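Asker: Below are the features listed in Swiss-Prot for this protein:
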- R47: NADP(+) binding site (BINDING)
- R124, S125, S126, G286, K301, P302, T303, A304, T305, R327: FMN binding site (BINDING)
Amino acid sequence: MGNIFGHLFRISTFGESHGGGVGVVIDGCPPQLEISAEEIQVELDRRRPGQSKITTPRKEADTCEIISGVFEGKTLGTPITILVRNQDTRPQDYDEMAQKYRPSHADATYDAKYGIRNWQGGGRSSARETIGRVAAGAIAKKILRQVANVEIIAYVKRIKDLEGVVDPNTVTLEQVESNIVRCPDAECGDRMIELIEQIGRQGDSIGGVVECVARNVPKGLGEPVFDKLEADIAKGVMSLPASKGFEIGSGFAGTLLTGIEHNDEFYIDQNDEIRTVTNRSGGIQGGISNGENIILRVAFKPTATIRKEQKTVTREGEETLLAAKGRHDPCVLPRAVPMVEAMVALVLCDHLLRHHGQCKVL
């Protein structure tokens with residue numbers, strides 16, 4: 001249960017961290033979309049482990065295989081299956097964790113729910129599960145670009161107490177990818193890299209905030225009440241491993257303002273379009289996109305699996321100590337950037353198809 005996401009553009013991910021492989025089945029993709037494994041690989045390469053000195057040293061090529069749903073370079077309208085085979089597995093690193101629970105990880109809760117768990121790398125609770133999301137997100141991004149010229153860019157906004165100065169309205173992908181931490185503020189990015197390296201040498205971890213902007217989103221996406229656009233985006237990004245907080249537009253800072261300070265006043269632009277002077281709503285009003293940039297932020301906690309010794313308990317209920325082995329990110333933020341983009345793309349693509357199906361028929 002809980003392995004399916006979306007309504008019309010639906011995905012189901014599969015696989016475990018140290019099993020044979022991971023992947024995704026995509027249902028509801030429109031036919032005749034030109035797509036290649038190479039295009040999907042670009043996004044997977046941004047997510048893959050071992051890409052820099054501040055990520056996990058696990059070495060995986062994460063080469064994707066399109067198993068079904070694409071013929072002669074075009075989607076068929078049938079389910080698309082994408083598989084990435086695991087190569088650099090070391091299940092023996094987790095032998096101790098077969099009995100000892102990692103603090104703040106899913107080990108104890110999976111056992112409490114199912115009475116059994118894959119303790120080799122966390123199984124489905126591993127961030128390796130997100131490979132399927134990023135692969136599907138690559139296809140969703142292409143649909144959004146082709147239909148509405150939608151552009152989705154995420155970046156590292158903050159690591160611990162180091163916060164970059166970035167304008168989400170003008171930031172470019174080239175700026176994001178200009179350094180290994182994926183912070184467009186180059187000077188702050190250098191300090192972030194130094195901090196992550198320092199924390200990693202100590203066997204510890206740190207968290208931070210990813211900010212994301214979606215530009216050129218058509219007006220009208222989102223459904224009233226329970227399927228509001230920001231609610232579905234929140235569900236998508238909050239389902240990512242290690243995510244602990246979400247805000248959109250002014251977010252929690254908006255609670256410090258009065259109504260006259262917070263309201264986005266309307267005006268008519270040179271193209272006779274209704275626009276807003278400010279964008280504290282973050283591009284969504286009443287759960288429906290208003291045509292302004294959608295701007296959101298996701299908080300990620302420090303990686304739970306660390307080499308520092310911690311108090312814990314065993315499956316048998318005995319108190320003990322654990323200094324975790326294995327290969328893990330000292331900070332998940334640089335690799336979380338394409339994950340956030342993927343989830344936002346999946347939600348927007350799903351709502352685009354739903355909107356066209358309901359409101360563009362007659």
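Just so it is clear, glycine is given a Cβ too, placed from its N, Cα and C backbone atoms.
Not measured: the values here are computed from a predicted model.
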Asker: Which one of the binding-site residues (R124, K301) has its C-beta surrounded by the most other C-beta atoms within 10 angstroms?
Answerer: R124
Asker: Listed FMN-binding residues R124, S125, S126, G286, K301, P302, T303, A304, T305, R327 - what's their greatest C-alpha to C-alpha distance in Å?
Answerer: 44
Asker: DSSP secondary structure for R124 (FMN binding site), reduced to helix/strand/coil, please.
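Answerer: Helix, per DSSP.
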Asker: Hey, which of the binding-site residues S126, T303 is the loneliest by Cβ count within 10 Å?
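Answerer: Each of the binding-site residues S126, T303 was scored by Cβ atoms within 10 Å; lowest is S126.
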Asker: For T305 (FMN binding site), list the number of other Cβ atoms lying within 10 Å of its Cβ atom.
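Answerer: Summing over all protein chains shown, T305 (FMN binding site) has 23 other Cβ atoms within 10 Å.
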Asker: To the nearest Å, how far is the Cα of T305 (FMN binding site) from the Cα of the residue listed as 'NADP(+) binding site'?
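Answerer: About 19 Å separate the Cα atoms of these two residues.
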Asker: Sorted by position, what residues of the same chain at least six away from R47 (NADP(+) binding site) have a C-beta under 8 A from it?
Answerer: D62, T130, I131, V134, R335, P338, M339
